[in-house]
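Undergrad: Take this structure first; my questions come after.
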Amino acid sequence: MAFTGSQSLRLGIQQQQGAPRDAPLHKSVASAHRRSRCSRSSFQESRHGVDRINWSSGGFMTSKPLRLSILQKQQQRRQSSSVIVRADADYYSILGVSKNASKADIKSSYRKLARQFHPDVNKEPGAEQKFKEISNAYEVLSDDEKRSIYDKFGEAGLKGAGASGAAGFTNPFDLFETFFGGMGGMGGMGGMGMGGRAARNRSVQGDDERYDLLLNFKDAVFGTDKEIEVTRLESCATCNGSGAKPGTSPVTCGTCGGQGQVATTTNTPLGQFRQISTCPVCGGSGESSTPCNACGGDGRVRRTKKISLKVPAGVDSGSRLRVRSEGNAGKRGGPPGDLYVFINVRTDPELKRDGNNILVTCKISYIDAILGTSVKVPTVDGVVDLKIPTGTQPGTTLVMAKRGVPYLGKTNMRGDQLVKVQVDIPKRLSSEERKLVEELASLNKVKPAGSR
Ligand SMILES: [Zn+2]
Ligand SMILES: [Zn+2]
């Protein structure tokens, strides 16, 4: 379903580019696809839809050759959808609007008339013909470019101006579905979903999902491959994400009357407040369906998936890894959210991490501090010899270069290990030791003060 999601996303972009003429096709394709009525022809349509979307992102409005091929495709499409066009129609009077009607007027008029004459509702002879005329008129008048051509040259102008042959109209049922929100089942029975707004196509991006991962100290330092099990919402395979039981058709939501929204009025000391909120019954889709048994109507099911995760070297507690598109599936075919893996790192009994440096404390005897020595020090690379120079002062920090943690994303760069030297001064001495130290003391007294 990520496929349909990206379609809707691109759709938004395309509409901004000012191509409303093609937009309805994409939308209807998306909804046809989603309804899982996967007949051969709807599959082909969806492929065209994808092609066209790709072009549009490259700006097809400015590119003549591309535009031609689009028209050719439309022509192919039109031939299969058998649209009847009257010889000379007055689009304004068909829609019952004036010549200077606003886009909103045209839209609302189409909305009213298309519902009224849809052959599924209106069984009068000629209703279908009228429905198609309304659709064609709307298609032309709702498109600024086509409308201005039509205003200047009439219907003939549209034929000449590249709208191809007998004017390349969208299948009126597709247009209707797009306009009213992909009401599945329009082609069939009387399961009327009239009044639904374009809500069903309003896909919703899925939520991000969080996973907490506890790592061993050294796995965080050097990176590791982990297989994690994530439980999140996936698109339901049974209903293809639609939430409707396969083979059934959605009907208008009784609670919101297909509007997808409900208004509540609250009386407060300051007056009446009217609040519009998403319909709790249909979730804003404006329609209710016989719920799919597998997902209970949500279109998504909770599933556990194993995900191979590559934890990069250098992560630390608080690091967050983003795994694209592995979050929860979107509603109504919306794109999935992302998976965020929150890292937590176990502490090490000897090594302490300070960013990319490792802090270690090393205890040596006062004699080793005086004379110098070599000690074995734990590092992330294992135990390493460290030279303690002669005369090392208590509290000295020795640097073991590049024995620290690799930098995240720059694994050839590493921090250092900082070794703090503690000098152990014995609290008790054997009598022999005492004798030797006293000897040392008397030796020291001979020397003038501060000559050390
Ligand atoms: Zn389902
Ligand atoms: Zn509702």
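Numbers here mean position along the shown chain, with the first residue as 1.
Using N, Cα and C of the backbone, Cβ positions are placed for all residues, glycine too.
What TrEMBL records for this protein is below:
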type	residues	note
COMPBIAS	1-18	compositional bias 'Polar residues'
REGION	1-45	region 'Disordered'
DOMAIN	90-154	domain 'J'
DOMAIN	223-304	domain 'CR-type'
ZN_FING	223-304	zinc finger
Undergrad: So how many of the residues in the domain 'J' (90-154) end up helix, strand or coil by DSSP?
TA: 46 helix, 0 strand, 19 coil
Undergrad: Could you tell me how many residues in the zinc finger (223-304) are helical, how many are strand and how many are coil under DSSP?
TA: 0 helix, 39 strand, 43 coil
Undergrad: Within the zinc finger (223-304), what mean pLDDT does the predicted structure show?
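TA: PLDDT averaged over the stretch: 87.
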